[in-house]
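As written in TrEMBL, here are the features:
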type     : residues : note
COMPBIAS : 1-15     : compositional bias 'Basic residues'
REGION   : 1-23     : region 'Disordered'
TRANSMEM : 42-58    : transmembrane segment
TRANSMEM : 111-131  : transmembrane segment
TRANSMEM : 143-165  : transmembrane segment
TRANSMEM : 198-215  : transmembrane segment
TRANSMEM : 222-241  : transmembrane segment
TRANSMEM : 261-284  : transmembrane segment
TRANSMEM : 328-352  : transmembrane segment
TRANSMEM : 372-392  : transmembrane segment
TRANSMEM : 404-422  : transmembrane segment
TRANSMEM : 434-457  : transmembrane segment
Amino acid sequence: MARKNAARVKQHRPHQPTETAASPMPADRWINFLTTATDSRVTLAATLLVAFLVRWAVSLGPYSGEATPPVFGDYEAQRHWMEITLHLPPSRWYFYDLSYWGLDYPPLSAYVSWVCGFVGSLIDPSWFALDKSRGIETSESRVFMRLTVLACEALVYIPAVWWFVRTQMRDASKQRKQSVFFVLLLQPSLIVIDHGHFQYNSVMLGLTLLAAVSFMRGRDILGAAFFCLSLMFKQMALYYAPAVFAYLLGRCFRQPHGLVLFIQLGVTVFVVFGLHLLPFAGSLETLKQVFIRIFPVARGLYEDKVANVWCALSIVIKLRDWYSKERLMLLSFQVHEKTILVPLLPITLLYLENPTLVVWFTNVAMFSMYPLLRREGATLQFMAMAALWNMLCGIPKAKQLPLLVYRGILATYATMASILVLDHFGPLPARLPHLYVVLNVVFSAGCFSLTLLYLTYSQVMRGGRRNVNGHAKRD
């Protein structure tokens with residue numbers, strides 16, 4: 001009996017990377033300096049302060065759709081949703097003026113918009129006056145909007161990262177924990193999108209991370225609730241759904257009281273979804289409109305030119321000529337540059353096991369978003385965040401990696417640098433106006449595909465080793 005109980009405890013015991021195995025990084029020197037001079041609480045406060053200052057510095061730059069009437073961009077979309085949720089009843093939220101940034105995010109995102117709009121209207125009602133405030137770009141309203149992103153991240157994403165670090169590094173020193181926490185907080189891709197381009201992806205990603213950490217700790221009901229909240233904030237979290245569903249279903253089959261867990265999970269999902277959809281349940285038409293707006297089949301496979309396999313293939317194979325919109329919707333709906341944030345979250349969490357992969361993949365992800373950021377005038381923020389990230393994590397040395405891997409990383413960086421230089425300074429053939437953007441798309445998609453193959457292979461091999469060692473049955 002004692003052995004069985006020990007095995008159950010071990011099931012949720014996170015992988016503990018040893019301190020000797022952890023390669024020192026420049027961020028360690030910064031944290032060690034702080035901890036030598038002060039106590040750990042001051043070090044944590046300094047870490048958070050630097051993280052907030054970096055985000056605020058990025059937010060001083062341009063945002064999506066700045067000074068581009070009449071439609072503007074994502075900034076205006078988020079502000080407009082605060083406007084309509086503040087002044088209209090929920091039954092009209094998903095119907096109101098769909099030609100001008102109609103609400104197309106799930107209910108939790110709308111509720112957060114209402115809270116932000118309510119607080120902002122207490123400061124200055126003109127920021128969110130119905131219809132009259134369209135396109136407002138005063139300096140005061142910009143500061144408020146930027147602060148809402150920072151506040152949402154501080155409430156959800158940053159605590160989730162800290163909980164993850166404490167869970168995965170229980171036996172590590174305080175200095176090492178804070179070093180990793182510092183690096184994860186300065187993940188550049190999320191910062192330039194949320195605080196530069198302007199979105200609230202940190203809420204969805206933070207809720208997903210809270211769900212993942214809950215699963216690591218064996219708190220499946222809490223994890224399911226967090227993941228439902230993530231889905232109710234942004235439908236892009238559906239990309240994680242197959243993995244979450246498979247994990248929870250496996251837990252139901254493996255546990256002695258699996259049926260009870262299954263019922264508890266079902267009730268949790270029903271309650272969370274039901275509470276969010278309740279304000280729209282007064283009319284079947286209203287409820288139907290919510291789902292029509294959340295899943296925009298008519299909008300097609302992707303927007304603009306993005307670094308995914310489907311966009312890269314379309315250079316040779318015109319997918320839209322072969323498949324209907326409904327099939328493309330099932331394949332991957334509304335793929336855009338920011339979608340890379342979805343796989344980037346779980347890959348970033350591998351930093352403790354494979355920092356080289358995480359740093360390399362993050363650099364490629366940043367590179368893939370360059371066309372979007374350059375179009376918005378955020379090249380400076382792009383370069384600064386990429387430089388800061390690599391400075392904190394350090395550049396891998398040849399003796400630390402297999403020669404083939406080291407040369408592959410150097411070749412990747414050289415190729416990306418060449419494309420960036422050509423895109424910025426090189427001549428553009430008149431017959432190929434999108435040449436450098438397409439090169440970015442094809443190269444980034446290739447790197448992402450290689451990463452998928454590598455991680456799939458690693459997962460299969462790890463599963464095979466567990467079966468050989470006889471651990472699978474205990475798990």
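Glycine too: its Cβ is placed from the backbone N, Cα and C atoms.
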CB contact flag for the transmembrane segment (261-284) and the transmembrane segment (222-241), at least three pairs under 8 A: yes
Seg_contact(the transmembrane segment (143-165), the transmembrane segment (372-392)) with at least 3 CB pairs under 8 angstroms, min sep 6: no
Remote residues contacting the transmembrane segment (42-58) - C-beta distance under 8 A, at least 6 residues beyond either end: 31, 34-35, 146, 150, 153-154, 158, 174, 178, 181-182, 185-186, 191-192, 195-196, 381, 384-385, 388
